């Protein structure tokens, strides 16, 4: 039978519920259990696909094409289970499902209410995420309830998990509550009052936490733990300290040493071998003992919020570990870069990366960045839009197509080398179509797709004969211009098998040591254990580029 752990948060948001949930899952997995994670988001958007990265951070894409919360990226990087559409749902998706049922008459004329109809639907979605009744069923499903206890948006979710816990019966569910202990510098002490109040609020709803994860700047003293235990009705060994660390990969060991996994296994009556966290210890050692450092310039438009490029940041760090170097990432605003100042802004970096994005703001700066990298033979990796700007730059300055652009930025440009895809086939064989009037939400080319890779290319040395990666885009290299670009020397090294859409462009080794653009998002498949072949090759190229510069 699948057991459930419900993770809630209090006092403030952004405490790290996603990391805490993923860390607990990783420890339980190391005990030999099959684990999955489910993220419940209280906002009314159907999914985060149309939300601004400034509002929400990165949109993480799964193999089955779901646009999900960035926490699912943490989940995939921490545990072996792959995430799917069912692992993330929102208030919007719940209400959409309830209203569709009401229109079909599934409720037999009853008045549709939050309790029981919405709360029942939430419970069904949770069970679906846990794979109950399917071959994907797990031993433990960890459900992270987004938002903060006390938010009006979270109430239906908290009521739903309370009801589900009751239905599951004793020893089949546990509650973990993440809270915050502020440090008052003037008084020189940690304050427990906000934690007392947030647990009081949770208990009013009918939920008694089994464990409290207390986020603080430093470890929580024992006398404070005793006080928290007394006022929250949580056993003292269930009051667990979560202090700030320099790498998230230290969190599993931190929680294990304070007995969180033992407490959960006892509560859920799970008889397992002891946790083996050796690979996490090795990972932490690798991050703390680099043999060098490389400087990477990431040129984008959402640079004020690093969460907008969370998976790219992590993939670069993973690749650094594979090459035993520390990767120092500098986020540069593409709006500040021009052909005239590109050298001044970019000369000190060992490699340049242009990540994905949407809209025309800052795009000319990205084109200038691609030009600088090409002309100065700096290793360049373009992802999604980064591949498109590299194509536009090459068309303008090498292929002689003056005025080349994307129809996303200029609908009437003279040479639309990048244009809207109107038809493509999904991995399951269904043909999707769209036009300029299609809704923004859910109309992109999404999820895992496979392409053939041309032998003798840089891409082939990285991927082999076939590349399967996740996509999230509406625009694509225009097939009508491929021959002109090839004639001018651009290598189209991977094409999709059915539509012959461009997946990878690159420059020959004789022209540039390492210059590649990919239409897909490789960052979503990077893991701390092996990195990702494309990012690993990129960081190796950065290390190589550093050598002559270091000698000089």
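Indices start at 1 and increase along the chain as displayed.
Cβ coordinates come from backbone N, Cα and C, glycine included.
Keep in mind it's a predicted model, so treat the numbers as computed, not measured.
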Item checked: Further UTP ligand in Swiss-Prot, beside 13, 191, 192, 193, 194, 195, 196, within candidate set 225, 227, 250 -> 227
Next item on the list: According to Swiss-Prot, 357, 385, 386, 387, 388, 474 bind L-glutamine; identify which of 335, 375, 408 is listed for that same site.
Entry: 408
Next item on the list: For the ATP site, Swiss-Prot lists 14, 15, 16, 17, 18, 19; sort out which one of 63, 64, 69, 71 goes with them.
Entry: 71
Check: Per residue, counting other C-beta atoms within 10 angstroms of the C-beta, which of the binding-site residues 18, 194 reaches the highest number?
Finding: 18
Next item on the list: Sort out for me which one of 16, 357, 386 has the most neighbouring CB atoms within 10 A, since those are the binding-site residues we care about.
Entry: 386
Checklist line | Residue among binding-site residues 16, 71, 193, 227 with Cα closest to the Cα of residue 386 (L-glutamine binding site) | finding: 71
Next item on the list: Fewest other Cβ atoms within 10 Å: which of the recorded positions 71, 144, 408, 523 wins that one? Let me know.
Entry: 408
Next item on the list: Give the helix, strand or coil assignment DSSP yields for residue 13 (CTP binding site).
Entry: coil
